[in-house]
Amino acid sequence: MTDATPSADGQTLTVRDDRTGKEYVLPIVDGTIRASDLGKIRVSDDEPGIASYDPGFTNTASTRSAVTFIDGEKGILEYRGYPIEQLAEKSSFLEVAYLLIHGDLPSKEQYDSWVHDITFHTFVHENIKSLMQGFRYDAHPMGMLLSAVGGLSTFYPEARNIHDAETRHLQIVRMIAKMPTLGAWSFRHAQGKPYVYPDNDLSYAENFLAMLFKMSETTYEADPRLVKALEVLFILHADHEQNCSTNAVRSVGSSQVDPYSAVSAGIGALYGPLHGGANEAVLKMLRRIGDVSNVPAFIEGVKAGDERLMGFGHRVYKNYDPRATIIKKATDDVFEVTGVNPLLKIAVELEKIALEDEYFVKRKLYPNVDFYSGLIYEALQFPPEMFTVLFAIPRTAGWLAQWLELVNDPEQKIARPKQIYTGERGLVFPSSSERWG
Ligand SMILES: CC(C)(COP(=O)(O)OP(=O)(O)OC[C@H]1O[C@@H](n2cnc3c(N)ncnc32)[C@H](O)[C@@H]1OP(=O)(O)O)[C@@H](O)C(=O)NCCC(=O)NCCS
């Protein structure tokens, strides 16, 4: 028996290495063992110890985190302990952003000063505008956003000083404030419309809508029901613990680079179709189905394995995605203003049939956040390329909360996974005559 430092609560895992017959007692803390403890299991001192192989980190915790809690089996999502349903109903996006970043709800004074600070950092340097105007007329807005956020690091070189709390805070305020401006401008660019400057008399969501849709009117007045729906969508998308883009932000941030560069890595990850693009796929699917009468045949095709029912199923949620329930409710409010999206009928019928069908029930496949969000975005006049931008704006609060946690976590190191090398070894470099004759 070797090496036992039992955990505080005394739980251990005993591992027997059949190559040597040795037994190792590894402490179990919070349901995990330390990967470095596995490294102690080795055949001899000059050979590397055992490592775990986990592409996609499907069963590896990379951090301790107090930001977001998910229980996929029970369909629970909480930010800093507050259930998402309560936040969506009772809070505003900026209050949720404060909660994520600071860990606690703000007092009235703290909230007012937070909103004031965010509101007064919405403008960007004119050269960022020139940078964005330099993109091709048909540039994808997500590519523009990614570049603009990365570019901000050059305007705020002090952001490199990540060890100073005040400097960190200022960059967080700047980034949350400027994302709607950059997102809206990337939208206007594709339409050939002039970029609209922020209006500091408007709320966060109102200001975003104004920068997207304002034309010649002096003040843009958005329908309060749409503003509320956008706030709710922002709250639902603000964080989702260690997903692909958050992991990208943490991984890049672990090199101690400035937060603009780390967040632009997150935007890059979110750009990918496996992460931020599913709601667009839902819309395409609904259009292809075309009519409620075609739903049964489509479901049969899904069950036969011809294709997937997009917007259904989740890696973590095996009961119901709590965000989907809230979004479904928000669709009613939005459609009251915009008129019903004809695709909604097809979506509702798909959901009804799927929820009763043995195939979906057995596999615990339920609607996820993307099943209805695309319908809302379309009703709000957004082209599909904007969907991921609408995701990136609120997720910036989550990325930054996670980045802050990373920077303050003494256990974190530069992210550097191991590999299992499968290539050649020790080849002799041939001379040019041997290679090319
Ligand atoms: C989200 C998703 C990638 C999760 O995948 P996962 O956890 O790796 O689950 P698996 O791919 O192992 O699927 C498990 C089983 O359910 C089936 N399944 C999963 N999602 C399905 C879907 N949307 N439609 C039909 N069948 C589905 C799989 O075919 C598999 O069946 P099998 O056991 O007979 O092979 C997957 O559910 C999916 O592709 N959904 C559609 C895309 C989507 O909406 N993505 C947005 C996520 S927020």
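Cβ atoms are placed via backbone N, Cα and C, with glycine included.
According to DSSP, HIS314 (active site) is assigned to coil rather than to any helix or strand. According to TrEMBL, the active site annotation covers HIS314 (among others).
The number of other Cβ atoms within 10 Å of the Cβ belonging to ASP370 (active site), over all protein chains shown, comes to 25. Residues or ranges marked as active site in TrEMBL: ASP370 (among others).
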HIS314 (active site) and ASP370 (active site), distance between Cα atoms, whole Å: 10
Other C-beta atoms that fall within 10 angstroms of the C-beta of HIS314 (active site): 22
Mapped DSSP class for ASP370 (active site), helix or strand or coil: helix
